[in-house]
Amino acid sequence: MNFHEYQSKQLLAEYGIPVPAGKVAATPDEAVEVANSLGNGPWMVKAQIHAGGRGKAGGVKFCKTTDDVKAAAAKMLGTKMSTYQTAGVELPINLVLVTTAGEIVKELYLSILVDRGTKTITYIASSEGGVEIEQVAAETPELIHALNVDFVEGVQGYHGRDFGFKLGLNAKQAGQFASIMVNLYRLFNEKDLALVEINPLAILDDGNLYALDGKFDSDDNAAFRQKQLVAMRDKTQEDETEVTASELDINYVTMDGNIGCMVNGAGLAMATMDVIKLNGGEPANFLDVGGGANKQRVIEAFKLILSSDKVEGIFVNIFGGIVRCDMIAEGIIAAVKEVGVKVPVVVRLEGTNVEEGKQLLRDSGMAIIPADNINDGAKKVVEAVKNAA
């Protein structure tokens, strides 16, 4: 789950990490009220969407007067914005964050994440903040520093001070940096987060460090014990079909292609998409119907796939281990009848009760195309889509 900047800053502040004073507003007049409550300007007005790159898209404005604040908020609120991170999708701006604006002396980068390669919680820091860290890694990798945290020892103050001096901080600032690292480690673990990225972590004209922007990503598997985070979810920032799928407990991700996929098992689903690509097709989605799939679940999966008008064909690829192929076949037949599927459907079944499942499909009298294996199925669905065009 992703979070808005104002939510990320709220969590950072709760854990003693300094952030500029600020508050969200839903109308231009509210934005002016917030600005006045923060004292004399200048202020920053920032569009709240689940994406980075807002500045380049016009979603971050420096304001010297309350008239500027009102104008900036009016221009953003009620509109939609796309950035280089949204893949062409426009996200609604329902809130703006109004904060104090100090003069930036230096921008740093700091993040904490789980490094699956080293199997540790890892910090990444750089003296080059305010830009994409991928760009820094490509152009000046020597400016990036990493720390793999020992689970027994945890992060200590000396780790942070050492990092701070590597980034060119003075003694006072290195001490602040160490405190931020220790508090960030506590936040990361206690909230079951997968990523926290502070970019930039800035030195302002008062000589102190502040988190000017924060990107959070939580571990959805821990949602049952993170009620505060779950309450922060903003479904207006998410793909509608993905929201519906999550409510049905179906793993679904929208993609840009035209061939819908229904598969049981995440690994098989990814392999299916790869084979479709290798055969010249483009997957329209990732959909793992799950090992405990039943007839109704298959029907709901078809509805999710066909909710996109981009879908011109469907490949059902099922390996029946826990799930029975005959039950999947019953679900496919029921779905085709109930949903009124008008695009080619290719089905590959293998595993438990496979012959019974295939017989049900044959006896249905429906124009369902059988496939012998994953490659055969991918070829057939790509060909069927081309022939139907």
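Every residue number used here counts from 1 along the chain in the order it is shown.
Keep in mind that glycine also has a Cβ here, set from the backbone N, Cα and C atoms.
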>> If I go by Swiss-Prot, which of Asn264, Asn373, Asn375 binds substrate at the same site as Gly321, Ile322, Val323?
In response: Asn264
>> Which one is it, among the binding-site residues Arg54, Gly55, Glu107, that lies nearest to Ile322 (substrate binding site) by Cα separation?
In response: Arg54
> Any idea what the Cα distance is from Gly53 (ATP binding site) over to Asp213 (Mg(2+) binding site), rounded to a whole Å?
Replying inline: 11
> Counting only residues 6+ apart in the same chain, whose Cβ is under 8 Å from the Cβ of Lys46 (ATP binding site)?
Replying inline: Glu5, Arg54, Gly59, Val60, Lys61, Val96, Leu97, Val98, Thr99
> Which ones, of the binding-site residues Gly102, Glu107, Gly321, have a Cα no more than 10 Å from the Cα of Asn199 (Mg(2+) binding site)?
Replying inline: Glu107
>> I need the CA-to-CA distance for Gly321 (substrate binding site) versus Gly102 (ATP binding site), whole Å please.
In response: 60
